[in-house]
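These come from TrEMBL:
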TRANSMEM  A:12-40  transmembrane segment
DOMAIN    A:71-298  domain 'ABC transmembrane type-1'
TRANSMEM  A:75-97  transmembrane segment
TRANSMEM  A:109-129  transmembrane segment
TRANSMEM  A:161-181  transmembrane segment
TRANSMEM  A:210-230  transmembrane segment
TRANSMEM  A:276-299  transmembrane segment
Amino acid sequence: MASAIGRRRTRVAWGFLGPSVLGMLVFFVFPLVMTVYYSFTSFDLSNPPRWNSFANWKFLFGGDPLIGQATFNTLWFVAILVPVRIAGAMLVAWALTRARTASGALRTLYYLPALIPPVASTIAFVFLLNPATGPVNKLLGAVGIEGPGWFTSPAWAKPSLVLLGLWVLGDIMIIFLAALLDVPVEQYEAAELDGANGAQRFRHITIPNMAPVLMFSLITGIIAALQYFTEPAVASSTAMGKAAVGEGASGMLGWPDQSTLTYGQLLYQKAFGANLFGYASAMAVVLFVAAGVVTAVLLRRFSSFTPEVAA
Amino acid sequence: MRTRTRIVIPALVAAVAVGTAACGGSSGGGGPTAAASAPPTVSGTIEFWHFFTDREATVIQGVVDDFEKANPGVKVVVKSGQDDQKMRQAISAGQPIDVALSYSTDQVGPLCSSGDFTDLTPFIERDKVDLTQIPKTVLGYTAYAGKRCSMPALADVYGLYYNKDLLSAAGYTQPPKTLSELSDMAVKLTKYNADGSIKQLGFMPLLGYYENAEAHWGPSADAQWLKEDGTSAIGSSPGWQTLLTWQKDLIERLGGYAKLAKFQAALGEEFSAQNDFQTGRVAMNLDGEYRTAFIADQAPKLSYGTAPFPSAQGFESTYGGGYITGNIVGIGKGSKNPEAAWAFIKYLTTDTDAQVKLANGLKNVPTTHDAITSPQLQLPEQFKTFLDIFENEHSSTTPPSSIGAEYQTIFGTHTAKWQQGKVADLPGMLKQVDSEIDAAVKLQAGS
């Protein structure tokens, strides 16, 4: 009897799980397996894939002249853009919890840029930072500072994208704000009675309470940075004077001088520009493994992310 | 654990097997074929994908309507605004796209070799289509490895635009015919602000500025891209060294890379009224024939002329030619109605009235000789230059390749460093370009 009930429960469970498991198999496992397979083939999307053993992998680790630059740029964004955005969002969220008046209006104001589609916000930002006609350099010029070339300068293009990332930090900021408001006030009061100063309260009360949210932002931020594509692509084409992405876009990716060429962009260029879908698949496998390893390491390092510990 | 392994491994093998069969596409053979004799009338429905939108899509629709009127049994279902990549994936997956119009000649190689676009030769030979109406260069970029899988719909042709008022003020009555004349005139036409920055530029020598591209400069020095076996010819083609040396010299004469890069950073958006040539910021510019339509719309008072792009020293005899590219159209491998699809393609690409109507509407160059010489062409006086360039024997294009436009992209990554002065050994750089292109070709070939 008990086993009959158990079997029935199992069937019901599979009934509920079935659609999502099927979806996972069709839209995740199958493409993943195929991508690994294609990485050992020469494939142009149209002709049947031809087995070429490790040729793509050899090219990836020793033949592609741009892979080093694209990897460096991507890691640069992971190392700079992600922490800067998290720190900026934390600062703004903390400041907003201190606002005595117009807090609702201020929250809306800081969140609004995050609502703008990335293409539109990037185009707007490139115009704001136009070295000759943009208001930013005009303001700098008014106080005697010669503004940099921003998106048109190989040295400044990446920092310009960080500024853009800071401008649209509302998505993280709103989560941090909710988490900050959720920290029990009595913990701060107890710490204050124990003589803890502001920095100590932040380190020992705010940070541990926000650990799950910080971890979520860090992991999603790193994965997004590893796949960074739209903003640098639009910035390159707009700064070149061609406010369009699509037709012949692969020729503009990375401009100026490959300074903003990301790993994801190179992957796209190799697949759809060069018809090297097998090689692009090898690149995609590496990206997937890198994202998986980073996530696993972070989850292990910050075990407080698990609900049991957080609770 | 053993049970899981037993299940997982066959599942993965099955997934790869199914995926290979499902996603692999088909090579060469199969697909739609021509009937032994041309049917007296065509009928049925055909699906037509193209990339045009808004006003341009309306022009295309006008020609579709004419075709339907002439062939009352045929209904053309138009899917406008389709990106090339999306279209290619759909055709590759076997979607029944009868007629596909692409903006890029760079995809001709894979489209032809894979059979995604049907070989049109049987249709062309059966219907005795006169291909001598189309220039050799254009025939070249619409076929790959001897297989004609596409026809040219319209062409883009590149030449030199010059501001008559600015040239006249500097004492010039004619545009330059050689690159050294272009350099001298560019230097004389360039004016500087008090702080040394450029106020008005005679000609911008930096690649990446608007339509300044290696491909568009190439015909001036008969510079070659690929050898017959598909490997790179860049290092062994003397034209590239000539062009890049000329460019470097002009950059120096105009004040150096940094000064020009600063000027470039303030450029107006290419397809807006703020385009540097239209505002007079630049006196001479390389551009396509379509610029005439933008000028008529956005800067109608601009006094300008057009001419073939100047030729390099030692290549003076090539003057009159230029870079040509264009739209291509073919029959998708999943077409259910190839005869009606071919009838539509034939109408679109060889019917003089249709070509003229498209050219008048889209302000592009028609691709048949009869259409080019048609009195019905209603195009501005400056447009005639591009018709002449189109039919000039020295005009050339970027050849179709198995790696698409990758060979141009690779070259571009090196010329970007060259123009900044970061490369001392030009022949060495060009050899490196060769080796990188050849490696990509080899990888694509599966070796």
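Each Cβ is built from the backbone N, Cα and C atoms, and glycine gets one as well.
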Tell me whether the transmembrane segment (A:210-230) sits in contact with the transmembrane segment (A:75-97), defined here as at least 3 Cβ pairs under 8 Å among residues 6 or more apart in sequence.
yes
Decide whether the stretches the transmembrane segment (A:276-299) and the transmembrane segment (A:12-40) have at least 3 CB pairs under 8 angstroms, with pairs required to be 6 or more apart in sequence.
yes
Where else in the chain does the transmembrane segment (A:109-129) make close Cβ contacts, counting only residues six or more beyond its ends and a cut-off under 8 Å?
92, 96, 135-137, 150-151, 160, 163-164, 167-171, 173-174, 230-231, 234-235, 238-239, 243, 245
Report, as numbers and ranges, which residues of the same chain sit near the transmembrane segment (A:161-181): CB under 8 Å and 6 or more residues beyond its ends.
77, 80-81, 84-86, 88-90, 92-94, 96-97, 107, 110-116, 118, 121-122, 125, 129, 206, 209-210, 213, 216-217, 221, 231-232, 235, 260
